[in-house]
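First up is the structure itself, then whatever we jot down about it.
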Amino acid sequence: MEEGREDLKSIMGYLPLVWRSSCIFWPSQTVEALKVIAGGPEQSHIDSGELLFVAISDLRHSLSLSAEPLAPSAPDGYGLFFNQLISSEESSKWFEEVVPALANLLLKLPSLLELHYQNQHGFGLRLLDSQQPGTVLLGQELIGALLGCSFFCLFPVSNRGPRDLPTINFDRLFACLYDHYSLKQQSKIRCIIHYFERICSHMPAGYVSFERKILPLERPFLSISYPNAAFWSTSRTPLCRLEVCSSGLIEDQSSAALEVDFANKYIGGGALHSGCVQEEIRFMINPELIAGMLFLPSMADNEAIEILGSERFSNYTGYASSFRFSGDHVDKREVDSFGRRKTRIIAIDALCSPGMRQYKLECLLREVNKAFCGFLDQSKYRQYERLSQDNGYCGAQHYLDIKEPYYMTRDALLVNEATSTSVEIYGGNLENVALRNSQEKSCQSLVHEDNLGVVTGNWGCGAFGGDPELKAIIQWLAASQVHFLSGVKTFHFLLHGWPAGTP
């Protein structure tokens, strides 16, 4: 529990709650305001966008957030959407059913957090700072409550900029609707509103994990460090299988492969502003991804973010200005032993507007290592190190130095294959097989059950200005190196060309 309190301490300044005497709670004035909203329109009198925003302002005042101004046009945006852009039937359902349910969900937030910190040892909600690898595992109900705070604009924001944290409240999402009305912005909000309607009618009970992945700049023990140019230029790794698709979308693939998010270094990019390209669209149809924006600071060149388990709630058509919400989506992905859907999204940010620099060695190295960091899974190296130390094995003899490719044959990696303490390579990670089977649950390791390949597209192109052919080759090289380390026979690299996968 002490570990959980340290996690809570790191995030508490970014939550709209009070932590005192080992208890998490809402201020009493906020509780009363939420109870009124939970009573429905007859008690709260909230039956329009304008009155909804009045309630939002009152909640913020109860949390002493009035000094942190919201986007000036946010009240107009809430009014426009709920008064004019949805039908009277939809509006009535929203104010009579969804808003009260959201208020009740927010009232549960302190108890959801208490339960979370009691159960998620090592994976508790906390700031996942730059250069600090780690994982946060959140229940879908807790995510729903956190996103409810975003909708009501209850997160304090004055301290987020200095920590390189992205936008988290929804005020700018609605302000952009009013300031620069467009059907694509309306559709973005429709996706979010649909998500709330779904969870308020039936709360999902799964989990989503958020992991900051790092290629250490210094040589670590039993891990893979940031490869240098000599490594890539002398690598003898054969290229893995490549499939080029002229149709289909990344999120529609069914092979349980890694799905690349063409990310901004600030996870989510313009999702909560006016952005509407590949990353922003994914965050709209899988709104649980937005929760990561609360606690994941911007990515450095040697970092990536992996999000496993998010549920898709919406269908859509189009892209950018033609993006349109097209109704409900029932996510039929299987779940793993931790209750996470087998949807693995890898956020990697490409260089923005690199011009001719993208062909120079420094930029080439940065981009291939960025993709390699995203595709690689180092967790089992760390697990093997811990288990080998606990059981008296000398892990150092199996150390892999990524800067010495000449000694990294696959036969050498698969040492002692026939023995009971054999070491195998899965997804770029060392793992003691006998120990894995006996101690997997006790270790509470969020290892991945599938590693079938990578599904991607025109990463770093389009608005980012990258060369599509160059970026395809860079991703192929990175995927091939991971394939070589993993030994997974069915590893595929699927490249979606324009318009599928989107730029």
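From the backbone N, Cα and C atoms, a Cβ is placed for every residue, glycine too.
Listed features, source TrEMBL:
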- D261: active site (ACT_SITE)
- E279: active site (ACT_SITE)
- E280: active site (ACT_SITE)
- N264, Q278, Y319: substrate binding site (BINDING)
- 87-212: domain 'PARG helical' (DOMAIN)
- 231-482: domain 'PARG catalytic Macro' (DOMAIN)
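One residue stands out among the active-site residues D261, E279, E280 for having the most other Cβ atoms within 10 Å of its Cβ: D261.
Within 10 Å of the Cα of E279 (active site), the following recorded positions from the list D261, N264, Y319 place their own Cα: D261, N264. It is 10 Å from the Cα atom of Y319 (substrate binding site) to that of E280 (active site). Each of the binding-site residues N264, Q278 was scored by how many other Cβ atoms lie within 10 Å of its Cβ, and the smallest score goes to N264. When other Cβ atoms within 10 Å of the Cβ of Y319 (substrate binding site) are tallied across all protein chains shown, the result is 19. Break the domain 'PARG helical' (87-212) down by DSSP state and the numbers are 75 helix, 12 strand, 39 coil. In this structure the alpha carbons, written CA, of D261 (active site) and Q278 (substrate binding site) are 7 Å apart. Rounded to a whole number, the distance between the Cα atoms of N264 (substrate binding site) and E280 (active site) is 10 Å.
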